[in-house]
Each structure stands twice: as structure tokens, then as C-alpha cells.
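Here Swiss-Prot flags 41, 190 as substrate binding site. The ATP binding site annotation in Swiss-Prot covers 117, 163.
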């Protein structure tokens, strides 16, 4: 892992352009601020190309997608590619409907993605291994999600990050298993979307997108652990507030001390 990456992030304050869903847009903006980056939420087809030209990273999240939004994502993504701005794709619910699956694949074919972040079923489906989605919750169809993630990473020359009890991050060659996190994180809707924003924030200051993604997952998981241990937490509502505070109060020293990562 890149030491002091959080310190660099907070010094540089990368601008993260989001084209994201209407369910979690406010939380994604605030978690981006809490980690030390700057959010901008711009969806209009007429302005996304101009907006991404000022950004350090671009998030494409299909959680509440429309055909017009997918068009805006592709336009922004192509502009980001020309400008060498990292693009992070969150294929929320890929496999749940044809629109979500086809839109995810269309974006992957037309835009050079830097990081794909999804749950096991989303990644398994995009890797061609099958899977089951109920709403946007998942059950992988792959016997070995690590291999499915590596296959997808190699197919698109991209970092693939699979969130779960143990998170898996791979660039097709390197692979990391992150064991930070807490079950309480699953009681708050949008934690996956917020994690994507944190991944983008780190990718905005580190060109090794594998290392940046590992650092983001570790930081996010540690904040969840620390929030869950707080005496202020009585349930999902107080957990969410405390989680934001723990993201804000993270330091490189805390990350180094509490990280749980294994590499292959």
C-alpha cells in the first residue's frame, strides 16, 4: 500500500465529478468531502464534457440510470479518457435487468475504465459467469469470485474491486484481500456508492489505481469498524453519522495500524 496516500489526498483535494444515482447523491458528496476531496455532481449531457475537464476523477454510477444518463456517462467518460482522468464505474444492479446489464457493458466497451467496483454478483455477471440479483443485492454465480474478478480485469485492462465480507481487489496480476469492515455498514443504504466515491478520491491523486483502490477500501473499512465500536451508536441512524465522523478523523497512522490486507 502507498503510505501517506491519505495525507496526499487531503493536501491536493482532488475534484471528483459524479454522474450518480438520485438515492445516494447527497451521501456521496458528503463522504467525498469527509475523506478530503471535493465533489461535483453534474449530469446534464450539455455540460458533462466541460465539467470533467476540471476534474481529477470521474464516477459513473448506474444506480438510477436512464438512457439519457448513460449517454452523458459515455460522453463524460470519453472526455476523461482524452484528458487521462481516471474513470470509476459502479455497475449497480448489473444483472437485475437487461437495461442495467447492457448499459454496463456498453460503457465498458466505449470508455476506458480505470476501476470497476461492484458486489460479487455484478462482477460475476460482467465477467460472464452468471449470478443472481434481487433488487441490487447479490449472489455470485462464480465458484471463485477471485478468478472472475481477474478475468474481468484482464479482459478490459482494468482494476476490479469486489466488495464483500472480504473485499477483493485485482488488476489481473496483483490481488489483495481486504478484511476491514463491519456488518453495521450493511444496515445503511448507499455505503457501496459512498465507497466508490472514496475510491475515486484516492485514484485522483495516485496513478497506481490498484494501490489507490486498496487504500480506499482499507480506509473505508476501518472507519466502519471504529464507528461500530462507538458508544454513540444505537442503530443505523447514529451509525451513519458516526461513520462520516470516523472517515473525517482518519489519519495515515490509524490506517497503518488497523489495516487488514493480504496480497497474492
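In case you wondered, yes, glycine gets a Cβ from its N, Cα and C as well.
Keep in mind it's a predicted model, so treat the numbers as computed, not measured.
All protein chains included, residue 41 (substrate binding site) registers 16 other Cβ atoms within 10 Å of its own Cβ. For the binding-site residues given as 117, 163, 190, the lowest number of other CB atoms within 10 Å of the residue's CB is seen at 190. Calculated from their C-alpha atoms, the gap between residue 190 (substrate binding site) and residue 117 (ATP binding site) amounts to 13 Å.
Rounded to the nearest whole angstrom, the C-alpha distance between residue 41 (substrate binding site) and residue 117 (ATP binding site) is 19.
Secondary structure from DSSP puts residue 117 (ATP binding site) in a beta strand.
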